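Novice: I am attaching a structure below and will ask some questions about it afterwards.
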Amino acid sequence: RYEPTWGSLDARPLPAWFDEAKFGVFIHWGVFSVPSFGSEWFWWYWQKEKREPYVKFMEANYPPGFSYEDFGPLFTAEFFDPNQWADILKSSGAKYVVLTSKHHEGFTLWGSKYSWNWNAVDVGPKRDLVAELATSVRNRTNLRFGLYHSLFEWFNPLFCEDATNVFKTRKFPTSKSLPELYEIVTKYQPEIVWSDGDGNAPDTYWNSTGFLAWLYNDSPVRDTVVTNDRWGLGSICKHGGFYTCSDRYNPGHLLPHKWENCMTIDRWSWGYRRNAELDDYFTIEELVKQLVETVSCGGNLLMNIGPTHDGRIAVIFEERLRQMGAWLKVNGEAIYGTKPWRAQNDTVTPGVWYTFRPTEGKVNAIFLNWPISGALELGEPQAKLGETQVKLVGYKEPLKWIALGEKGMMIALPQLTLKQLPCQWGWTLQLTDVK
């Protein structure tokens with residue numbers, strides 16, 4: 001059994017499925033999807049920081065005295081079709097999904113008994129959005145279902161009182177945050193508990209170690225659940241399950257501990273923005289690059305979309321997800337279930353990243369730019385004449401190559417038209433019997 005100490009909890013092995021999965025989809029959805037302007041931090045920027053664009057937006061579009069709570073009933077989700085969402089998620093090639101059950105605004109997407117009249121069953125959709133998506137994902141896909149939960153809430157009077165007392169009092173975690181965590185785990189059995197928002201309070205204030213000990217010892221998901229590292233001030237990148245270290249974290253080199261790159265297709269916001277422009281969205285080429293770099297360095301990619309207040313996944317997000325799925329259909333073997341190789345990227349040719357399948361002894365060289373010369377030089381692999389084989393994934397014939405001295409090889413790529421290419425945006429060479 002795990003003790004409620006970091007020493008004990010951090011020694012828990014990460015369930016193997018998480019490292020094998022490599023790719024998940026994050027969904028930021030809540031009352032912030034109603035103004036859908038600027039950022040999911042809308043309430044804070046408007047009310048607390050009084051940032052000019054937000055103040056002006058409210059003055060221009062809403063009557064005086066309109067409060068953030070007034071957005072609640074406008075969060076309607078009338079087009080929310082959990083089956084359709086599940087089908088889109090499945091088509092992306094992702095192996096898990098993480099839904100924001102509650103963001104820093106405190107509005108819960110399930111009928112929480114600890115969030116009276118500020119939840120999706122009492123206000124707005126009048127539906128248990130968490131339950132509906134969990135059911136559809138489990139019935140229609142093989143994705144694992146996870147939940148994001150914010151520990152703190154910007155304007156909750158109990159949290160504000162505790163903060164004023166420099167967290168010597170613990171009214172908020174004992175009456176709101178912790179009961180909610182136990183509630184979502186017991187009710188929805190998420191296999192990822194993605195914590196966030198420590199509110200500058202230490203993990204002792206949140207009793208994170210007590211909750212995690214219960215989660216790992218006695219909860220219904222104790223054997224398969226994975227957690228992240230955001231459990232209180234100073235715990236990020238130090239404690240918990242996998243490390244996130246920061247938003248959009250992509251170190252570009254191998255890390256000794258399992259980590260995740262959580263990033264978002266909209267460069268500027270996690271929630272939906274009605275005023276986003278095309279250039280604000282990452283292209284599929286940029287997203288494939290993020291995935292490949294992340295996996296080569298031992299991480300998972302958690303790629304975020306922000307649905308609309310009426311429950312739609314905007315077409316641009318759907319397209320990116322389906323494109324990623326099309327790419328993974330061809331190159332999945334170089335991603336899922338792989339391990340980092342001795343080198344993460346090539347020393348000679350930029351834009352080449354390596355992954356490794358130890359069981360088959362195959363090294364995958366994923367290259368993001370098709371060379372104009374038709375030949376690809378790799379500086380890292382040590383090839384052996386008569387033994388090493390090179391295959392372009394999705395193409396039948398083996399490829400010709402020559403060794404370049406002690407280390408390195410030159411590979412002749414097939415001359416293909418655009419239509420004949422096995423895929424777009426990046427290609428995989430499978431190398432067998434290389435050192």
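Using N, Cα and C of the backbone, Cβ positions are placed for all residues, glycine too.
Relevant sequence annotations retrieved from TrEMBL are reproduced here:
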- 1-333: domain 'Glycoside hydrolase family 29 N-terminal' (DOMAIN)
- CYS262: site 'May be important for catalysis' (SITE)
- 344-432: domain 'Alpha-L-fucosidase C-terminal' (DOMAIN)
Novice: With Cβ-Cβ distance below 8 Å and at least 6 positions apart along the chain, what are the contacts of CYS262 (site 'May be important for catalysis')? List them in sequence order.
Specialist: PHE26, THR244, ASP247, ARG248, TYR249, LEU302, ASN304
Novice: Average the pLDDT scores across the domain 'Alpha-L-fucosidase C-terminal' (344-432) and report the rounded value.
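Specialist: Residues in the domain 'Alpha-L-fucosidase C-terminal' (344-432) carry a mean pLDDT of 96 in this prediction.
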Novice: Write out how many residues of the domain 'Alpha-L-fucosidase C-terminal' (344-432) are helix, how many strand and how many coil, based on DSSP.
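Specialist: Within the domain 'Alpha-L-fucosidase C-terminal' (344-432) the tally stands at 3 helix, 36 strand, 50 coil.
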